[in-house]
Each structure stands twice: as structure tokens, then as C-alpha cells.
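For reference, TrEMBL has these:
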- 10-189: domain 'Guanylate kinase-like' (DOMAIN)
- Ser17, Pro18, Ser19, Gly20, Ala21, Gly22, Lys23, Thr24: ATP binding site (BINDING)
Amino acid sequence: MPNSQRLRRGLMLIVSSPSGAGKTSLCRRLMADHPDLDLSISVTTRSARPGEKDGREYHFISEDAMNGLVKDDALLEWAAVHDHRYGSPREPVENALSKGQNVLFDIDWQGAQRISAKAPSDVVRVFILPPSMEELKRRLYARAQDADDVIQRRLSRAKGEIAHWAEYDYVILNDDFDRSYAELVHIYHSETARRSRGLWIAPFVDELMGEEI
Ligand SMILES: Nc1ncnc2c1ncn2[C@@H]1O[C@H](COP(=O)(O)OP(=O)(O)OP(=O)(O)O)[C@@H](O)[C@H]1O
Ligand SMILES: Nc1nc2c(ncn2[C@@H]2O[C@H](COP(=O)(O)O)[C@@H](O)[C@H]2O)c(=O)[nH]1
């Protein structure tokens, strides 16, 4: 049976970390290497960084627009993170899952908790740790995308985020990028291959068992 005809149950892969640990870089590479994986593009009330494009990294929206989405229950989850609000639009995620596609979320621990509470058997959570706080600081400054006071606030909240590591199914220590990426790919492939995700398997086995030898 060709892969394309194998009916499957999509999963939600959630990747979280303190700011600067490398989750967005890892997620971008996973997306680039897996065109079948859908990215949940969040809405946010923060302004775009240099190089960010509306609709690609985020949908950049006003406070009023965010209030409207919350009121209309159009977000699967939303949270206040680092002085702004962020949320995962419900419709694209539900559409993708209904077609058996997997969806990737780059969201914080609050979002991970909320989505996990709604669909525990369809969620796989990965937490990314930095090798040290010093290296986390170095990466945030080297990224050179946020003002110094913003970086300082993000660093001051890093330990509060790391405190949630045990709520995740997997933890990756992102020291060497390529090795960390390989771990993420293994997790993704293994979770995708779970028996519970292969809705095609039971009818296929019935067919096999009905065949004459
Ligand atoms: N293993 C690594 N070694 C060295 N630098 C890294 C590594 N992983 C990521 N980086 C760099 O660290 C910086 C922060 O990474 P990234 O933007 O992916 O972090 P993040 O966790 O998504 O942060 P935020 O939550 O603020 O979006 C980037 O400049 C990235 O290139
Ligand atoms: N709960 C949610 N958290 C989100 C969402 N989109 C992004 N995030 C998290 O916010 C911080 C900051 O992101 P940045 O792009 O401003 O650096 C980071 O931890 C993201 O993972 C969301 O929809 N919901």
C-alpha cells in the first residue's frame, strides 16, 4: 500500500525552551527537512523583529485583534509571554489534524499545558535546555535581535521556564546543534511511527489475514 494512502492520526509536536536555547532554529530545520509537517503560525501582539515577515514567523496583530480572537474562541491556547500575548490559531491546526497531518508548535510551557490538557494522546512535548546560563546569555546577545533590556528580562525569566522541564516527554540538551537536531528527528520519526497513529494498520492486517497462502 503506498504511503499516501495510509490513513493516519496526526500528532501535535510541541517544542519549548527558555528564550535563546535554540528551539526556533531546531524547529525551522525540522520544517525544512519535513515538508509534510505543518507549522502552527502563532498570532502575537509583539512587533516584528528585523527580517521577520507577517504570516511567516508570526501573524503580528494588535491588542484589539487579539481580544477579538480570544473572545471568539478562535485560539487553541494563548498566553502572556515576555510582556506580550501569543496564541495558536485553532482552525489551521484542526484542519491539518483532520487530514492526518502532523503540526509543530514553537510555544511556551503555558501553551504546552493547555494543549496537552485538551488532547493528551495527540501531543508530544519536547523541552530544549541550554548547556549553561552563560551560553544562553551569549546566544541571546549574539542573535542581536532584541534590545538589551528585552534580553535582560528574558534571561531573568529563563529559570522560571526551565522549572517546567519535567512536564515534557523528552528533553534535549542543545549544546551541539547537529546532534540536538538529530535527537529531535529521532523523536519525531519514532512518535510518528507509533501504532496508535496508524489508522490504516488494523484494516490492512484484516486484509492480510483474509488472504489465501
Ligand atoms: N547549539 C547551538 N549552538 C550555538 N548557537 C545556537 C545553538 N542553537 C541555536 N543557536 C543560536 O542561538 C540563538 C537563539 O536561537 P533561537 O532563536 O533558535 O532560540 P529560541 O529558543 O527560539 O529563542 P526565542 O524563544 O527567543 O525565540 C540563535 O542565534 C541561534 O542561531
Ligand atoms: N503559549 C504560547 N507561546 C508562544 C506562542 N508563540 C510563541 N510562543 C512563545 O513565546 C516566547 C517568545 O517568542 P519570541 O518569538 O518573541 O522570541 C517563546 O517561548 C515562544 O515559544 C503561542 O502561540 N502560544
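Every residue gets a Cβ built from N, Cα and C, even glycine.
What TrEMBL says about a protein is an automatic prediction, not a curated fact.
Residues Ser17, Pro18, Ser19, Gly20, Ala21, Gly22, Lys23, Thr24 make up the record's ATP site, and a Cβ search at 8 Å around their centroid adds Ile128, Pro130, Leu136, Arg139, Asn174 from the same chain. The binding-site residues examined here are Ser19, Thr24; by Cβ neighbour count within 10 Å, the least packed of them is Thr24.
One residue stands out among the binding-site residues Pro18, Gly20, Gly22 for having the most other Cβ atoms within 10 Å of its Cβ: Pro18. Across the domain 'Guanylate kinase-like' (10-189), the prediction's mean pLDDT works out to 96. Long-range neighbours of Ser17 (ATP binding site) (same chain, six or more residues apart, CB within less than 8 Å of its CB): Lys23, Phe127, Ile128, Leu129, Pro130, Glu161, Asn174. Residues within less than 8 Å, Cβ to Cβ, of Ala21 (ATP binding site) and separated from it by at least 6 positions along the same chain comprise Ile128, Leu129, Pro130, Leu136, Arg139, Asn174.
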